[in-house]
Amino acid sequence: MSPLLRSLCLHSVLLVLFLCVLQALELQLHEQQLQQQKDEQLRLRAEQRQRELLREHEALQRRLSSSTTTRKPYIIPNGLSLPRRGEHPDKCYREVPAVFFQYDKEVKIVGNSSTNRYMNVIEVCCKGWRRYEYDWSQCVPDCGEHCQENGFCVAGGKCVCFTDFVLNYRNNCVPTCPLGCPHGRCYLNGTCLCDKGYELDGSRKFCQPQCNATCGHNEVCLEPGKCSCAEGYARGLRESAALGCQPICIPDCGYGHCVRPNECECFPGFQKRQNGVSCEGECYKTCENGFCANVTTCVCQNGYRYDQNTTTCLPDCGDNCDNGVCISPGNCRCFKGYVRNRERCEAVCVGGCGFYGKCIAPNVCGCAIVPGPERTYQRCEYGLCNAMGRCRCQVGMTRFIDRCMSPDTVTTYASMNPVKVNASLIQEFNLLLGRHFNLTTLSDMWWL
């Protein structure tokens, strides 16, 4: 073979090899582009799903506002009760657990009580008064379930009816003739003729039910021919039904017995606490929503659990309120940045976390290839998680330890939050490298 032919063959082989390598590189680049497109589609799909979930959570939040928002809805009571000029009722004070005022998971609340830092002293309306629904700085008289309409509630829980209205047997204001006559009809001369089963009261202004037999002790006639227990009384069950209508005390009298509605008589050796109803032993604990069995024991009501810090009984929501505050038995109010999902409060990441991420705190994604406990996730605040289980920032943002931020704010953030930066560094080190070392006192040595 001539040298020219040999050179031509060699160049042909090299050209074929070059074309093969170039083709392989193009195929690899094409596969990478396809993978990036797939990751991008998955990310967009995950973000869309996250937005849909967020909309669903917001809709659920509107329906369950008492347990998913930071404000408990106020129900405007019935009846008319207004502040009166020159009337300034005294305000009372009450200690409540400070945890009820916590709305941010990372911000712990310290109470203002001088005796217990876990308690807050708040101003409340005294007994017989309630907050005015249009100005919470004022207290107005409280008539409870009475005086629902056609009258004013005045101090002492008394109902004063409008002109041509009168209090009936249910302590509600009803019209009199010629305006009207419930359970009867008015005549032109201003008198009322009652329907069958009703009769005029002593003032002959309204009709009241008529019972053929005289009602028993603590009973009143509320329906024609039927006697019922008076307000604050109830008939017992089974054997105790023969005792007739007995007084009701709420809460239970504890170590005592109920003698009149919400009035207890204590057994020897037991007493009522100040402004309390139940009878209990003498003890140093606050024991609200419970009663003291002895000097050191607080027995909580159903739905409450004893709290050592406040020495009182707090509402119990089981294990489903880690990201919120239990404000009443079984009713969890979520912290800011969390929304209720069935029984639990879950964090919300507005931009989503991508296909390989999980929202573990408000706007904080946890990145990991294999799902596991939250402590095993790499934190990624204001970022997304890539296919390698690592934090990826948006264009124009830079990653600083465990968060994405603008490059010109890194120095300011690090200088203004040294404790938080140290904690983030320690957490990142323990997550990425700490398992290879045996440094049990690392958290005490880092950056001291």
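Note that the numbers count up from 1, one per residue, in the order the chain is shown.
Cβ from N, Cα, C; glycine included.
Per-residue confidence over the coiled coil (22-63) averages 73 (mean pLDDT, predicted model). Marked as coiled coil by TrEMBL: 22-63.
Per TrEMBL, domain 'EGF-like' is recorded for 142-174 (among others). If one looks beyond the domain 'EGF-like' (142-174) by at least 6 residues along the same chain, the residues whose Cβ comes under 8 Å of a Cβ in the stretch are 78-82, 84, 87, 89, 125, 128-130, 180, 182, 201, 203, 205-206, 208-209, 220-222.
Within the same chain, residues 164-166, 168-169, 221, 224-225 sit at least 6 positions outside the domain 'EGF-like' (176-208) and bring their C-beta atoms closer than 8 Å to a C-beta of that stretch. According to TrEMBL, the domain 'EGF-like' annotation covers 176-208 (among others).
For the domain 'EGF-like' (210-246), the DSSP-based tally of helix, strand and coil residues reads 6 helix, 14 strand, 17 coil. Under the heading domain 'EGF-like', TrEMBL lists 210-246 (among others).
Same-chain neighbours of the domain 'EGF-like' (248-280): 127, 231-234, 287, 291-293, 301, counting only residues six or more beyond its ends whose CB sits under 8 Å from a CB of the stretch. According to TrEMBL, the domain 'EGF-like' annotation covers 248-280 (among others).
For the domain 'EGF-like' (282-314), the list of distant contacts is 95, 97, 99, 116, 118-119, 251, 254-255, 271, 326, 329-330: same-chain residues at least six beyond its ends, Cβ to Cβ under 8 Å. Annotation comment: TrEMBL describes 282-314 (among others) as domain 'EGF-like'.
Taken from TrEMBL, the feature domain 'EGF-like' covers 316-346 (among others).
The feature domain 'EGF-like' is assigned by TrEMBL to 366-405 (among others).
The signal peptide annotation in TrEMBL covers 1-24.
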Surrounding residues of the coiled coil (22-63) on its own chain - C-beta under 8 Å, 6+ positions past either end: 69, 339-341, 346, 348-355, 359, 384, 386-387
Folded-back contacts onto the domain 'EGF-like' (366-405), same chain, C-beta under 8 angstroms, at least six residues removed: 35, 39, 43, 351-360, 413-414, 421, 424-425, 427-428, 431-432
